[in-house]
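Novice: Got these off TrEMBL a minute ago, pasting:
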type     : residues  : note
TRANSMEM : A:26-50   : transmembrane segment
TRANSMEM : A:62-80   : transmembrane segment
TRANSMEM : A:118-138 : transmembrane segment
TRANSMEM : A:150-174 : transmembrane segment
TRANSMEM : A:195-218 : transmembrane segment
TRANSMEM : A:230-250 : transmembrane segment
Amino acid sequence: MRRVLRIYRRSLGAHLRAVLEYEADFWILVVAGLLFQVLNLVFLSAVFAHVPALNGWSYPEAVLLAGTFGFINGLGPLFFEGTWRLARRINHGELDYPLVRPVNVPVQVISGGIGMHGFGDVVGGGAMIGWGLANAGIEWTPVKIVGGLVMLVSSATILLSLIVIGNAVSFWVGGPHPVFAMTLIRTADMAKYPITIYGVAVRAAFTVLVPYAFISFFPATWVLDKEHSWIGLLTPLMAAYCVWLARTVFRAGLRRYDSAGH
Amino acid sequence: MSLVEARGLTKIFRRPEKDPGLRGALKHLVQRRFKDFRAVDGIDLSIEAGESVAYVGPNGAGKSTTIKLLTGILVPTAGTVSVAGLNPNADRVANARNIGVLFGQRTQLWWDLPVRESLDLLRDMYDLSPAFYKQRLERLDAVLGLGELLPVMSRKLSLGQRMRADLAAALLHQPKIVYLDEPTIGLDIAVKDRVREFLRELRADGTTLMLTTHDLGDIEDVCERIVIIDEGRKIFDGPLAEMKDRFARVRRMHLQLAEVTPLEKLAERLPEVEIVGGESPTEVTITFDRFRYTAGLVIAAVLDVVEVGELHLDEPAIEDVVRKVYAGELLR
């Protein structure tokens, strides 16, 4: 495991250096990420300028929720960007070399790139989390601090697993673009608002079918002691399930891989 | 057991069967039809340690697919593979340490990184010690001129440079078994020679080699055994010399005659032989089936008609044999 992590780190580091080869690109992406989070904030402020609370969520609480989502969403490009290139690599038969190296293939795939727009998301989202936590009037206890961190990690794990699952579907689809994963992850965007604003069907789907609600909503309800906050405690379990699913789907896909040409 | 052993190796790809054009594509969306395509069809193959094997066949014969099956990239539809006692698919990681693979048409170098960084990454993946790594780089520099390529970004390499760097990448961990899929494709003569020289050295070091190629020079320079496949089936497997004996039926004799002689007069003496005049009126080339005539018989027949000055006999070229295979002229 340590070896795998070391290889992952080195590979990601190499790609970071590669990205830094194109300096203009780097800055544009970082600024774009930040700007995206600022836009989120502007949108929320506009809504809350008209209503004092949204389905029982105050402005700082909504900022915390959106910030958490933005932060976690930024981890994808920063640490899992290579996953988005899987469809192309399958389509072009470019997994041949990873398959003949003595390293777990998902690690080689996941670390095969880095997207700097994630940097802006993480910084912007992080700032929103900080401001939200400070202004939401939370009573801090040691349990809440540790629990909050565990949930942040679990939430991130869920989203990253979804990225892997969505992209691994490309083993079956075969096209050069990760259309399924795009749909899956774009839809996750809806989870940056309190899911109580959606109808019951959407809520059920986001909880059971695809666990978007566990990415930010349920963990936040636990931290903020909202109604049904106990569901938030299931977040680590959901994360474990998602990791298992991602692993299983990827493995099954790899057995289907049939390279290109013959 | 041999180092590499394949039994009844078969790979069937499922291909969509579509009518041409947009209509066909749309029709396929609702009415999905597939056809099985046997890329590799029941191949048996044993390679001993230290052997160098050329794997030859026309385009689409199943060469690359065989390599992908032997290296564990593809899962066989049927049959078994064992490489150094391991199943390359189930024991993928352990097997990866024993083998080196090069696909000449593709690079494994990281596109946006200098060659040096790509090699450093591979060093980490193969857990090479710093001392071993340094020694390998020096060795690869000596035979491939790797040193000058290290600081260059992969995307800036010429094809020849890229192939040298890719060879280094494939052989960095000093694998016991090396599979090379068209290692000289697209290279100019000078680089080709360098690569072949390198492969000969590799062989001399005791590395087991299997290479697919369309360049017959690669085969004659590097390999002692040749396996020919066509349509996924093995049609010849043996020493290069034996292949020539068995399949190179046609020999060619070039003669310098003492005086101008009508070709018909020679033809009378040598039925079923092709006689062609050369550049000058006294030059003659006789092509004969060596199972019908010996070189001695041909000369004796000519000497009955006219004195002969110079003569030389072409070596049977494997090119002729392989060309026939490609054209489908050899019997199964």
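Glycine too: its Cβ is placed from the backbone N, Cα and C atoms.
Annotations in TrEMBL come from automatic prediction, not curation.
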Novice: If you count every Cβ pair below 8 Å, which range out of A:62-80, A:118-138, A:150-174, A:195-218, A:230-250 shares the most with the transmembrane segment (A:26-50)?
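Specialist: Checked against A:62-80, A:118-138, A:150-174, A:195-218, A:230-250; highest Cβ contact count belongs to A:118-138.
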Novice: Kindly say whether the transmembrane segment (A:150-174) and the transmembrane segment (A:118-138) touch, using the definition of 3 or more Cβ pairs under 8 Å where each pair is 6 or more positions apart.
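Specialist: No; fewer than 3 Cβ pairs under 8 Å.
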Novice: Between the transmembrane segment (A:118-138) and the transmembrane segment (A:195-218), do 3 or more CB pairs sit under 8 angstroms, pairs being 6 or more residues apart?
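Specialist: When sequence-distant Cβ pairs are counted, the transmembrane segment (A:118-138) does not touch the transmembrane segment (A:195-218), since fewer than 3 lie under 8 Å.
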